[in-house]
């Protein structure tokens with residue numbers, strides 16, 4: 001089996017939970033006996049602004065696994081916010097329970113009360129296992145919800161800017177590999193035709209590229225074949241890794257760059273929307289040794305985050321698209337730094353983000369409502 005499960009990844013994590021906890025500014029354990037709510041909110045860093053991160057609901061087998069997951073994800077959001085250059089820090093929340101059986105309106109209202117108790121230090125929204133409908137209930141108790149539908153004052157479908165950011169990531173990867181960023185005439189293997197992956201395939205086809213696709217959704221496959229005709233080839237979920245293509249575009253699962261897939265990959269670059277594509281950090285070095293250019297996922301998939309962050313300043317689609325375009329230049333900066341300093345692109349991306357956070361410390365060391373930073377929209 002090529003994919004590594006989330007539970008196995010968390011169990012294999014040998015780092016001390018206590019060490020991970022002390023990296024964070026604040027951790028809130030939420031328990032409401034009346035509704036059965038058990039949740040954890042982790043605020044990793046608010047140097048650049050209030051913490052921002054989605055809320056997952058999953059049937060974690062132990063509290064320890066839930067804590068490990070929320071600590072890992074909240075730290076990742078700090079880097080993702082820095083990469084997207086939005087004035088927010090990193091946070092995350094998890095609700096312990098089966099999203100198919102354990103949801104109630106009362107439970108999400110109770111969760112909203114815990115969010116409200118943080119007084120704006122943490123904003124959250126949907127993630128794996130939660131929906132917009134869930135947060136309609138939470139919004140009755142708190143104003144600190146983002147990623148709302150248009151009818152509730154939000155920016156709408158975040159997969160649109162996310163897919164656009166992935167497309168800019170592909171073009172930046174092409175620029176570094178081939179000396180030009182054109183999509184036409186090149187081949188892209190796309191894993192997953194969900195809300196984001198399908199739109200990425202559309203962008204590629206519309207600009208004259210060829211796609212090799214895989215997905216379990218037969219309707220999505222039929223639709224993309226109808227759109228692209230001979231520019232589309234369909235393969236199985238296992239075959240997608242061994243396709244001869246210019247760029248691999250993972251838009252489904254995490255952990256897809258691992259010991260098994262590295263043996264069969266036949267691409268020049270990787271740029272996709274899936275989170276945590278490297279099963280382990282050492283796989284970034286193995287990609288470098290194989291001469292495969294990796295566009296760090298948390299930069300590439302930042303378009304949705306940019307839209308969500310924009311909601312808090314008054315939704316402006318033109319501003320979102322302009323800021324999403326910066327993903328292209330950020331990746332070129334990362335690629336250049338990695339080449340210059342003989343390091344992996346993942347390490348170069350982390351260093352870029354750490355510098356942005358360090359620079360922000362000169363202006364703002366800890367977020368409160370009274371010192372909320374403002375975007376400079378003219379940059």
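Even glycines carry a Cβ here, placed using N, Cα and C.
Sequence annotations record features per position, and here Swiss-Prot assigns NAD(+) binding site to 56, 127, 158, 162, 192-198, 215-216, 252-253, 273-275 based on similarity to another entry. The feature L-phenylalanine binding site is assigned by Swiss-Prot to 80, 275. Positions annotated as active site by Swiss-Prot, on the basis of similarity to another entry: 92.
On the structure: features taken from Swiss-Prot.
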residue : record                       : DSSP (3 states)
56      : NAD(+) binding site          : strand
80      : L-phenylalanine binding site : helix
92      : active site                  : strand
162     : NAD(+) binding site          : helix
194     : NAD(+) binding site          : coil
216     : NAD(+) binding site          : coil
273     : NAD(+) binding site          : coil
Binding-site residues: 162, 275 - member with fewest neighbouring CB atoms within 10 Å: 275
Entries of 80, 162, 194, 197, 216, 273 which, being binding-site residues, have CA atoms within 10 angstroms of residue 92 (active site): none
Cβ neighbour count (within 10 Å, all chains shown) around residue 273 (NAD(+) binding site): 28
Fewest Cβ neighbours within 10 Å, where candidates are the binding-site residues 194, 197: 194
Candidates 56, 80, 92: member of the recorded positions with the richest Cβ shell (10 Å): 92
Spatial neighbours, same chain, of residue 216 (NAD(+) binding site) - Cβ under 8 Å, 6+ residues apart: 237
